[in-house]
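As structure tokens, the structure follows; a few thoughts come after it.
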Ligand SMILES: Nc1ncnc2c1ncn2[C@@H]1O[C@H](COP(=O)(O)OS(=O)(=O)O)[C@@H](OP(=O)(O)O)[C@H]1O
Ligand SMILES: Nc1ncnc2c1ncn2[C@@H]1O[C@H](COP(=O)(O)OP(=O)(O)O)[C@@H](O)[C@H]1O
């Protein structure tokens, strides 16, 4: 029997999904299976011989129940159904099969400008089209104008210049800047110039170029110009968003050091600080959550979400939860880096014996007595980080010294001056 499931793909998968559904990835009509993925990577061809440059895949978690024959409604982060995948193959987490769009896509900025190839082909039919794919500002428009003129003379009946179609490859944080660049260029180009936003996630340069060619083709281009990628110079560290994320056992000293760090930063006054105090988070943002693995993960993701928003706007967020699971900490790191922020993981590595000796809140005694279930370090795991940017064992150390170690790291990294 066919079962129906739901899933929210990652941002990259959703961008690919949108291109599959719109026809911009023609002739692909669905996510690739393992054999096709292998064929594409090894030979640039699907198993049926069709040339295709890049894997376009969807991965579900191992415990997701979808099986071949099932249908999965793929949803955007806001919960709106984007497409239905009919699963034809599953190998590990990778699921393959055709996707069918469910109408207008609304998530992400500039949804109305992400017009599908068929609409643009119909609108521009009858004249040659020069497609320009771009990921940054177009510095030199004269080459585009000259190419459109030339194309009109050679490919068009009337000799009129080709219509210029600016395909703004907008994905992630830098997407809006690409769209602004396309709109600014349009104002300086012939009146009939079109701007279409295409959510093509960046890949390695050679593959990216081939995909651009495919997309330009799908949009009816007679010729394609790939505008050079912009040189991105990241702002100096003291202007970039930063998340200082403490992790460690209960009683290891996370909150004490975090508070000391906050005060030291406020004293300097050079950066604004958001301190996501663990207790405040548990009382407000994560009210009602337990200490099960699932709830702890949710707690950490919520903290990560808020911290990433702070970092997106160039702020500095300090977080100090236990965060016992490595994969969830890595997710937060990825969330922060995705928005252009830096992430500093501080492992407060005070050993269990010392934390238990301190037992400030009497919780270890209760946990030992079996009164608190799933207590980290006693009856629930703590996965030691192997990706800590700084490790501090506070045993026999005074608080100011511990705070000083973090301040030193921030100074060394250029985050504070
Ligand atoms: N079962 C269990 N395990 C661990 N800790 C427990 C538990 N039950 C209550 N507490 C108290 O909750 C504080 C940890 O909350 P966190 O939000 O930081 O935990 S987690 O990151 O979601 O794992 C932790 O506070 P800190 O001592 O400040 O770390 C404990 O006081
Ligand atoms: N060098 C140090 N750094 C941080 N805390 C220390 C240090 N030395 C002793 N402590 C004590 O250890 C305890 C740590 O508690 P807390 O900061 O609430 O830990 P956590 O937030 O990790 O549960 C406090 O009582 C603090 O005074």
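One-based numbering along the chain as shown.
Keep in mind that glycine also has a Cβ here, set from the backbone N, Cα and C atoms.
These figures come from a predicted structure and were not determined experimentally.
Copied from TrEMBL, the annotated features are:
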type: BINDING; residues: 248, 249, 250, 251, 252, 253, 254, 255; note: ATP binding site
type: DOMAIN; residues: 10-89; note: domain 'ATP-sulfurylase PUA-like'
type: DOMAIN; residues: 240-393; note: domain 'APS kinase'
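Positions of the features from TrEMBL, shown on the structure.
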residue : record           : Cβ contacts under 8 Å, 6 or more apart
248     : ATP binding site : 254, 322, 347, 348, 349, 350, 382
249     : ATP binding site : 322, 348, 350, 352, 355, 376, 377, 382
250     : ATP binding site : 322, 355, 361, 363, 364, 375, 376, 377
251     : ATP binding site : 350, 355, 356, 358, 359, 360, 361, 363, 364
252     : ATP binding site : 348, 349, 350, 355, 394
253     : ATP binding site : 348, 350, 392, 394, 399, 402
255     : ATP binding site : 277, 278, 320
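For ligand 1, there are no nearby binding-site residues; that is, of 248, 249, 252, 253, none has a C-beta under 6 Å from one of its atoms. Break the domain 'ATP-sulfurylase PUA-like' (10-89) down by DSSP state and the numbers are 22 helix, 18 strand, 40 coil. Excluding 248, 249, 250, 251, 252, 253, 254, 255, which define the ATP site, the same chain contributes 246, 320, 322, 348, 350, 355 within 8 Å (Cβ to the Cβ centroid), listed in sequence order. According to DSSP, residue 255 (ATP binding site) sits within a helical segment. Its own atom aside, the Cβ of residue 254 (ATP binding site) has 27 Cβ atoms within 10 angstroms in the protein chains shown.
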